[in-house]
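According to Swiss-Prot, the protein has these features:
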type	residues	note
BINDING	LYS22, ASN23	phosphoenolpyruvate binding site
BINDING	ARG94, ARG123, PRO124, VAL125, ASP126, LEU127, LYS163, VAL164, SER165, VAL166, ASP308, ILE330	UDP-N-acetyl-alpha-D-glucosamine binding site
ACT_SITE	CYS118	active site, proton donor
MOD_RES	CYS118	2-(S-cysteinyl)pyruvic acid O-phosphothioketal
Amino acid sequence: MDKFRVQGRTRLSGEVTISGAKNAALPILFAALLAEDPVELQNVPKLKDIDTTIKLLSQLGVKIERDAASGSVFVDASGVDEFCAPYDLVKTMRASIWALGPLVARFGKGQVSLPGGCAIGARPVDLHITGLEQLSAEIKLEEGYVKASVNGRLKAAHIVMDKVSVGATVTIMSAATLAEGTTVIENAAREPEIVDTANFLNTLGAKITGAGTDRITIEGVARLGGGVYRVLPDRIETGTFLVAAAISGGKVVCRQTRPDTLDAVLAKLREAGADIEVGDDWISLDMHGKRPKAVTLRTAPHPGFPTDMQAQFSLLNLVAEGTGVITETIFENRFMHVPELIRMGAHAEIESNTVICYGVEQLSGAQVMATDLRASASLVLAGCIADGVTIVDRIYHIDRGYEGIEDKLRALGAKIERVKGE
């Protein structure tokens, strides 16, 4: 397995170009199963999860090609002839459940192995299943597979979601585009990636309104065609590089990003003492050589503070002036990076879904292990500012969600190299 070797005590400064959002590109790729004509997706990041999705869609009979130079992916789902997403691909990535809604909506049948992915607590697929059942799909759980079928077209429904779920909102919204009648989703997720998926589907001819609010309306259509669509920039990658500069007293400019998707994160960075400026598609952060101040925050569904930035802000608090408290309300078991940071000299206490961070002036390099995608990013950033050398193991997690992170960090002055596994 590959590792990162990071030499620390670096002030990270410079410019970084932000990639397309993984959390938008994945649902959009699966939603392309609904299109009867070819689709071109631009600004698709080069990531392990994207590669897995392309492989999975190919197995279903989708003709799919990536232009490495431009970052575009060309999808032709006119010849889909297989309706089962098998365990060997699904086990590494729980986003595969997003194949189910489009398959049953367009072809009347689909089955997906129960998913895998990051080991951060229980992320059940129940909300996906109940949503599809309300759209009149018949669901069976057999031999580790979720099997969905319907006679004729799905039927529209008024769906009130038990809890806010990005994944289930995507599933229901995608499937409802081809249902008979008008579907309303109440208590829908409001994330920018939901809006991006809805905008993509509308480009193909869907009739979706209200995405970005808690009430989405989908007027079903008979078919979806093709089109060209550009995936929005990755707000979590943007936030990660802003934190990299903030914890090292540095200065960074993030290009080709969307400041309007990061209000909660920018507010907390300003509270930590960062000098921040924004334009239409750029954000600059300057710490003027100072240590950040500790902040207190709670993760929450959008437009609240994103859970995917929690690990990076845990690190910020652990090297900040003062004491900060972080409460994780979205996922259980999402503080697995904290014991690793304690190995590097951090001082923290975990109580249930809260971590109390007592800032220290300096971390020390150590051998640490990545446990999930965002935790691994925080460990790499910790290595950049720690005294000595840090080895980050199991970095396959980071390759799932950050495109060329070592190259981008090197451009900011980091001393980081990938050590190939045996």
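Heads up, the Cβ atoms here are built off N, Cα and C, so glycines get one too.
Taking the features listed in Swiss-Prot, we show where each one sits on the structure.
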{"residue": "LYS22", "record": "phosphoenolpyruvate binding site", "CB count, 10 Å": "25"}
{"residue": "ASN23", "record": "phosphoenolpyruvate binding site", "CB count, 10 Å": "25"}
{"residue": "ARG94", "record": "UDP-N-acetyl-alpha-D-glucosamine binding site", "CB count, 10 Å": "17"}
{"residue": "PRO124", "record": "UDP-N-acetyl-alpha-D-glucosamine binding site", "CB count, 10 Å": "11"}
{"residue": "ASP126", "record": "UDP-N-acetyl-alpha-D-glucosamine binding site", "CB count, 10 Å": "10"}
{"residue": "LYS163", "record": "UDP-N-acetyl-alpha-D-glucosamine binding site", "CB count, 10 Å": "9"}
{"residue": "SER165", "record": "UDP-N-acetyl-alpha-D-glucosamine binding site", "CB count, 10 Å": "22"}
{"residue": "ASP308", "record": "UDP-N-acetyl-alpha-D-glucosamine binding site", "CB count, 10 Å": "24"}
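ASP126 (UDP-N-acetyl-alpha-D-glucosamine binding site) sits 23 Å from LYS22 (phosphoenolpyruvate binding site), taking the CA atoms of both as reference points. Secondary structure at PRO124 (UDP-N-acetyl-alpha-D-glucosamine binding site), as computed by DSSP, is coil.
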